[in-house]
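Novice: Below is a structure I'd like to ask you about.
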Ligand SMILES: Nc1ncnc2c1ncn2[C@@H]1O[C@H](COP(=O)(O)OP(=O)(O)OP(=O)(O)O)[C@@H](O)[C@H]1O
Ligand SMILES: [Mg+2]
């Protein structure tokens with residue numbers, strides 16, 4: 001019994017140890033053998049053989065210790081498993097991305113090959129387009145030459161008042177848009193025979209009746225306007241007595257459907273130039289507008305002080321280039337800029353009242369658009385002038401009852417128009433000398449009339465019966481021009 005009590009006392013005093021050396025002292029001061037317990041259990045072997053409880057406790061400690069270790073090992077395992085799962089996921093994602101990248105690289109390679117092929121095709125097609133464009137120019141010119149480098153269109157103005165069917169002296173065959181007949185009843189002088197009808201037949205490249213609208217008229221000219229962009233000098237002028245519709249044909253009025261040749265030509269030029277840009281053509285345009293009044297040149301684009309107007313001279317600067325000194329040569333980039341210049345010119349234009357037409361213009365007005373084209377891809381250049389002329393009235397002096405200044409005007413007009421006829425006749429005869437210098441008009445227009453040019457003349461006719469003899473005169477003049485064979489034009493290409 002004493003032994004058991006002792007054992008109980010001893011064990012109850014022993015601290016729970018885990019791998020540490022502990023010192024215990026007995027209550028009675030007696031120094032006891034230290035109980036050594038280690039986590040590895042080495043202490044267990046040092047316990048006295050009878051200390052079964054201590055051993056059990058040591059074992060329990062060990063078990064607890066191992067359980068702790070197992071727990072943290074398990075936690076570590078869980079963490080590692082989790083990391084492995086995540087790494088595997090990453091691996092899968094990387095594999096997907098790698099294969100996508102591979103596909104992208106394949107695509108890129110294919111696209112690069114395709115781009116290379118397309119570049120070749122584009123270069124090839126550009127070449128073909130250029131050859132096609134050159135071919136078009138050649139064919140277009142061939143057609144224009146077949147039609148004749150000088151062409152005459154006749155336009156009959158509608159009656160401004162009254163019934164169109166009353167116009168009996170001008171006959172336009174329904175099936176032939178190239179013919180026109182002027183007919184007049186001639187009274188029998190003796191009174192014994194019936195009145196006879198005298199007919200004058202004319203034939204032109206085209207005859208437009210009173211119902212022809214501006215668009216229809218321009219359609220015929222638009223091919224010539226195209227030629228100007230291709231490097232040919234083109235001139236279009238309107239001839240006819242006062243009030244016959246020259247200004248209406250050349251300028252028309254503000255409403256777009258009533259636009260005349262000048263605004264329509266300008267519109268076409270800028271539109272075509274824009275389309276040709278895709279083929280490497282860059283154009284620059286320079287406009288000028290000059291009036292020839294009493295054989296004196298006036299700048300219609302002049303904006304300075306009226307009393308400071310400079311004088312002008314026509315100068316020939318090369319075999320096919322004419323320039324006017326002190327004239328405004330205005331660079332233009334679009335249609336609107338040209339329209340503004342035309343408005344300025346109209347304000348500047350000298351108009352005077354005559355017995356025949358309130359808004360009669362007593363001067364020739366010459367609108368010029370210098371066109372310079374450059375195709376830098378091909379090292380090709382072309383240069384030409386589009387020249388649109390509204391001539392002064394061609395009526396004879398006595399009819400307009402002109403006096404004083406009006407008479408002087410009429411004489412100057414008639415002399416320059418007569419000279420125009422002489423120049424055309426000389427060209428028709430292939431004369432070695434053509435008297436261009438005899439009037440300012442022909443000197444200024446010489447490139448447009450001869451050699452390297454395509455010329456179109458409108459002969460405008462008034463439908464009133466009292467204009468019969470003026471109409472006959474105009475038609476005769478125009479016929480002379482129509483017979484004029486101009487040397488084959490060649491494009492100013494470098
Ligand atoms: N085809 C047409 N259709 C309708 N009106 C026209 C036509 N042609 C001319 N006119 C009108 O006839 C009138 C005279 O025409 P315009 O001023 O063009 O004559 P012009 O030949 O220029 O005369 P001038 O030599 O005196 O300058 C104008 O009022 C014009 O609007
Ligand atoms: Mg006019």
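Residue numbering: from 1, along the chain as shown.
Every residue, even glycine, has its Cβ placed from backbone N, Cα and C.
In case it's useful when we look at the structure, here is the feature table from TrEMBL:
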BINDING   240, 241, 242, 243, 244, 245, 246, 247  ATP binding site
COILED    56-128  coiled coil
COMPBIAS  24-36  compositional bias 'Polar residues'
DOMAIN    149-484  domain 'Kinesin motor'
REGION    17-49  region 'Disordered'
Novice: Going by DSSP, give the three-state secondary structure for residue 240 (ATP binding site).
Specialist: strand
Novice: Let me check the 10 A CB neighbour count of residue 245 (ATP binding site). How many other CB atoms are there?
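Specialist: Result for residue 245 (ATP binding site): 22 neighbouring Cβ atoms inside 10 Å.
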Novice: I'd like to know which of the binding-site residues listed (240, 241, 243, 244, 245) lie near ligand 2, counting only a CB under 6 Å away.
Specialist: none
Novice: So which of the binding-site residues is most packed in, judged by how many other Cβ atoms lie within 10 Å of its Cβ, out of 242, 244, 247?
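Specialist: Output for this query is 244.
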Novice: Taking only the binding-site residues 241, 242, 244, which have a CB closer than 6 angstroms to any atom that belongs to ligand 1?
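Specialist: With ligand 1 as the reference and 6 Å as the Cβ limit, the list reads 242, 244.
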Novice: Which one, from the binding-site residues 240, 243, has the smallest tally of other C-beta atoms lying within 10 Å of its C-beta?
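Specialist: The binding-site residues 240, 243 were compared, and 243 has the fewest Cβ atoms within 10 Å.
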Novice: If you average the pLDDT over the domain 'Kinesin motor' (149-484), what number do you get?
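Specialist: Taking every residue of the domain 'Kinesin motor' (149-484) together, the mean pLDDT is 85.
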Novice: Look at the binding-site residues 241, 246 and tell me which residue has the greatest number of other C-beta atoms within 10 angstroms of its C-beta.
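Specialist: Compared across 241, 246, the most Cβ atoms within 10 Å surround 246.
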Novice: Which three-state DSSP class does residue 246 (ATP binding site) fall into?
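Specialist: Going by the DSSP assignment, residue 246 (ATP binding site) falls within a helical segment, counted as helix.
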